[in-house]
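The structure that follows is given in the form of structure tokens.
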């Protein structure tokens, strides 16, 4: 009858949350006690709720019951599907309270917030360099290990980062995915397009510290600086 009357007789003494059913109350109390009575028989991972264990078991069975209606990609958990769907809808529900930038995933917002706080929680155990993102630390570690695990199948050149391999492969394929919206010139790399856009905008972000002359490209600035230093980098071998 508690369901119909709306009365909630079971009150949590820790957070004052109330429940109509004893089973829900007992389940809630596990949050405060930290108890995880439901254990996976395969990997021994423990869970507070039976439903969490049931959801976890799908990983071992290899099941992916949650299917995207747009692209048919399947997922183990419903939460993963919901996050994936945001890619199709373009929805960005997570907003930065400082700069109002929008993000699709909560994890992206959390990562972005480190820019504002200046926090760098990921520390290299070898040289104590710290990084805002775990991926940055992982990338940095290649400098110490010398590992280049990403190999080009065409020319066998190896790279420390997968993104560098992806950029390199475009040389072989001739693909130029980055297109200028003004003149339709296409480029292999995003950085090349960014550099090209300075022609249209007239922007010259690189400034000579000696004479304050402006340049659109850093390479042009570097060549110009040689004038002040008296350097002549291009020497005739004859």
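Note that Cβ sites are derived from N, Cα and C of the backbone, with glycine treated the same way.
What TrEMBL records for this protein is below:
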- 10-37: domain 'C2H2-type' (DOMAIN)
- 38-65: domain 'C2H2-type' (DOMAIN)
- 66-93: domain 'C2H2-type' (DOMAIN)
- 94-121: domain 'C2H2-type' (DOMAIN)
- 122-149: domain 'C2H2-type' (DOMAIN)
- 150-177: domain 'C2H2-type' (DOMAIN)
- 178-205: domain 'C2H2-type' (DOMAIN)
- 206-233: domain 'C2H2-type' (DOMAIN)
Other than its close neighbours in sequence, what residues sit by the domain 'C2H2-type' (94-121), given a CB gap under 8 Å and a spacing of at least six beyond its ends?
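For the domain 'C2H2-type' (94-121), the list is 83, 86-87, 130-133.
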Over the domain 'C2H2-type' (206-233), what is the model's average pLDDT?
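A mean pLDDT of 83 is what the model gives the domain 'C2H2-type' (206-233).
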Would you list the DSSP helix, strand and coil counts for the residues of the domain 'C2H2-type' (94-121)?
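Per-class counts: 12 helix, 4 strand, 12 coil.
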